[in-house]
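Colleague: TrEMBL lists 223-412 with the feature domain 'Thymidylate kinase-like'. Here TrEMBL flags Gly225, Thr226, Asp227, Gly228, Cys229, Gly230, Lys231, Ser232 as ATP binding site.
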Amino acid sequence: MYDYVLFDLDGTLTRSGDGIKKSAAYAIARLGYAPLSDAQLDKFVGPPLLEMFMTLCGMDEPTALKAVGFYRERFESVGWRENAVYPGIAPLLRALRAAGKYVAIATAKPEYFAVRIAEYFGMAPYLNAVTGASMADHHADKAALIARALPAGADKRRAVMVGDRKFDVLGAKAAGVHSLAVGYGYGSRDELEACAPDLFAADVSSLFSLLGVERPRGCFITFEGTDGCGKSTQMALAADWLSERGWELVRTREPGGCPISERIRQIVLSDASDADARGMTDECEALLFAASRAQHVHDVILPALRAGKIVLCDRFLDSSIVYQGYGRELGEDFIRQINKPALSARPDLTLLYEIDEREALGRATRDGHADRIEAEGAAYQRRVQSAYARLRDHEPERLRGVDATGTIEDVFARTQKALSDFLDTKE
Ligand code: TYD
């Protein structure tokens with residue numbers, strides 16, 4: 001198996017085509033050349049740009065150099081961020097590092113951009129090195145980059161270069177390391193087959209076994225807090241942020257999350273003015289939440305965790321403990337008992353958004369509508385709030401309090417901190 005795993009960046013770790021193609025099209029337009037088709041622009045992803053401007057647009061070298069200048073102008077300001085890490089790459093890099101492998105990027109892109117991208121998209125903590133071309137090198141030789149990306153004295157027979165274009169495969173062969181071509185990037189099947197890579201991975205999932213690491217088990221992250229604390233907004237932002245960084249996610253919520261449970265949600269969260277629901281007993285309410293959860297765990301949460309995904313869930317068992325156990329005063333033991341079917345899915349991390357209860361309720365009911373639970377009085381809300389605080393003190397390693405005061409951006413910065421602390425340290 002391999003001790004040294006080198007990755008190409010564009011089309012292998014990141015789906016960067018959008019930013020690259022738009023920047024190339026911008027340069028071509030600035031120089032007054034005829035626009036290229038989308039398929040032609042695809043060819044810009046991976047190889048040195050100068051060569052592409054010359055072969056695809058028929059530019060001479062001085063003009064192509066100007067094109068690279070215009071390209072970089074746009075790429076530097078916006079293009080580098082029109083990018084996302086492929087789903088599943090984040091757990092792959094983490095598993096490789098955890099297995100003690102040497103992991104590096106070897107790209108024909110200027111190292112300056114490659115480092116910035118690796119940092120911004122959260123890959124840097126898992127990498128031993130990021131090797132790219134210099135800004136002035138327009139003919140970057142992949143074999144030389146590969147040699148430079150390896151540590152001194154590395155046994156090349158135990159090294160593999162993973163990439164999506166023929167340049168990566170041919171570079172690997174010239175550098176004397178194994179080649180692994182990926183079929184999900186920008187190289188066509190024909191292009192890759194023609195250069196006969198040692199190994200082929202059709203998707204990110206197959207990279208785990210080909211590189212000799214196990215796919216880590218998924219993890220379960222829940223978002224909790226009193227009504228109006230902003231947790232749903234934070235969860236939506238967190239989902240986008242984690243996906244862009246290459247984590248595979250399932251977003252869900254309680255009560256609900258699957259068809260049966262969404263129907264239960266309609267009953268249990270009916271409007272405060274709904275006469276039919278007004279007579280619902282506290283026990284009935286607690287059992288409906290538990291019923292919804294049992295189905296949700298079975299249909300959505302456990303399958304996603306088994307598939308190695310991160311599950312982000314807006315509320316879970318803690319909500320029943322605080323709202324029904326303490327708010328309705330049914331007691332924590334009763335709630336835990338009726339929720340036994342859900343105990344097989346224990347959250348690995350719970351972010352608890354903490355805010356003054358009056359401010360929170362003001363936010364929650366600003367639109368003038370309150371569900372049955374939001375319409376409860378202040379004493380009830382206070383019991384809920386103090387029950388959350390008690391849970392947090394009782395299980396500090398799982399429940400992390402997040403200060404939910406300030407702007408959405410302020411709170412999101414705290415959310416990001418909590419998530420990176422957890423994901424970068426989790427075994
Ligand atoms: P919430 O996440 O606030 O949904 P929305 O923002 O769409 O109104 O949750 C709905 C309500 O359900 C909230 O008042 C808390 C309550 N709830 C419980 O009382 N027990 C539970 O187990 C769950 C999951 C929610």
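These residue numbers are counts, starting from 1, taken along the chain as shown.
Using the three backbone atoms N, Cα and C, a Cβ is placed for every residue, glycine included.
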Colleague: For the binding-site residues listed here (Thr226, Ser232), tell me which residue's CB has the most neighbouring CB atoms inside 10 Å.
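Modeller: It comes out as Thr226.
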Colleague: Would you mind sorting out which binding-site residues among Gly225, Thr226, Asp227, Cys229, Lys231 put a C-beta under 6 angstroms from ligand 1?
Modeller: Asp227
Colleague: Helix, strand or coil at Gly230 (ATP binding site), per DSSP?
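Modeller: Note: Gly230 (ATP binding site) is coil by DSSP, not helix or strand.
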Colleague: Sort out for me which one of Gly225, Gly228, Gly230 has the most neighbouring CB atoms within 10 A, since those are the binding-site residues we care about.
Modeller: Gly225
Colleague: Taking the Cβ of Lys231 (ATP binding site) as the centre, how many other Cβ atoms fall within a 10 Å radius?
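Modeller: There are 25 such Cβ atoms around Lys231 (ATP binding site).
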Colleague: Taking the Cβ of Cys229 (ATP binding site) as the centre, how many other Cβ atoms fall within a 10 Å radius?
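Modeller: The Cβ of Cys229 (ATP binding site) has 28 Cβ neighbours within 10 Å.
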